[in-house]
């Protein structure tokens, strides 16, 4: 229901302005629903130390009480379990206990040297709570202990809980003897504790502002005696990929089973860690929001199905915990950064949020059959829910490589082919003046499916028309007449042409033999006098159309194979063996029967030269003197 339709909404009477001492509006910082019998009571504290109580069920008189709790900003609030009392943590370096019914101050807790940032009660424990401050210390307080000078003192202290070791520590300066005791340390030398949270009666979870580590502490250990480098029970290192040297967490939230903790990180992610086992990597990561301050908090729904968090982009985000990849729902209506978010512990339909726009808003689950909400009308809406639209990531197309004609070289001699036969293009061929839909489509268009189509006159003409850079050995007047326009220039394999007739060729027409690409191979080929045996038997040829099955199996992908599919030495050896047979043998290519069979299987081709005499294969190699 939550993600199927815009469900949560905020109407005008659920928007409350946070006022200061002089009547001006100020930003609220802390939000907390009551944990006693009155679960609908919401406490909100602001920048000028004023605490207000709201009855979220009353539409006519929602404000119950307001009083000045501190002379400084109140950053966090914690309700005593099962009691109408709460503790405030403020910037005056103190925590105070209040009775919300009478507004009476029940006690002050003094010991920190900087502003208090967080306060939390132990579960089902009314007398013990913890505070974290900017001085880098975590303090445990017990109201059952006696006061000293009118203030409660800490019973346990974790000093430098989240100090980060500096890579280049400053040089030590000599301390003055007359230095004053009790002065607050400099902000640069101490690392702030941002959040403290009890997991159980003896285990405390904390986070810092710069070290990027979540730590769990065993409170049965006395950390006061070990003031330097306290050792936690377990640590959860930063799991993200951000390269900033200082990373911290602004909020911690436990589910109802206290088995998973949600950690708001300043890298715009919320990491969920399991605190029940030994695994220190997150079990889920929630993203999509923005977190650019240490005031952004989160809250888990009472059924442990959803996670709500503030955001620096003025929205409240809601994720489904079981499906972190699902785009979150956003509650839109605030005009500044949304800081603290609190889900009502007993009512799934209510969410409270506060923002730097000086307002506190109550978001309620909208039901279509709710007559009260329907009667308010759309004009009274000040906030609504919208699904988050995540940007789609597009991968840019890989640029095509341009191959110059001068840089093409073949590692092997080119195979013999009939006159005008065009070799297929390489996969890197590009057409500058023509848009290419895809690389696969271009390859499929340039490569014939079979050898027969490759050697056919129609495909030869089309290849020549689209490939002016391609050259063949012999070019008829008809083929030279069908020249291609200069706009279509493709980088193809360059085949050189022979200017004259071969010395060993018989007939008046030019030999249909394609010479090699490399000059050295060309010279050796010319000296040897080997020409295309176009009228040989199928067993003697490697690129004839009669042997389509064998050739197609060897040259299914012409872009990645050498044009010559058969070793020419093996061809010559076959010719030598068969030349020793009877001149009138049916298998002799010069016999009339073989010629008839050849004419019935292959198309007519120009006269092809044949070696006048067969020599030993060693005669085709040039002997070089040994150095």
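The backbone N, Cα and C atoms fix where each Cβ goes, and this holds for glycine too.
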(Q) If you look at how TrEMBL annotates this chain, which of 158-185, 186-213, 214-241, 242-269 comes out as region 'Disordered'? (A) 158-185
**Q.** Overall pLDDT for the repeat 'WD' (299-329), taken as the rounded mean
**A.** 96
Q) Counting each residue once, how many in the repeat 'WD' (109-144) are helix, strand and coil under DSSP? A) 0 helix, 19 strand, 17 coil
Q | Other parts of the chain folded back onto the repeat 'WD' (186-227), taken as Cβ under 8 Å at six or more residues beyond its ends | A | 114, 117-125, 128, 130-138, 140, 156-164, 233-238, 246-254, 258, 261, 263, 265, 273, 275, 294
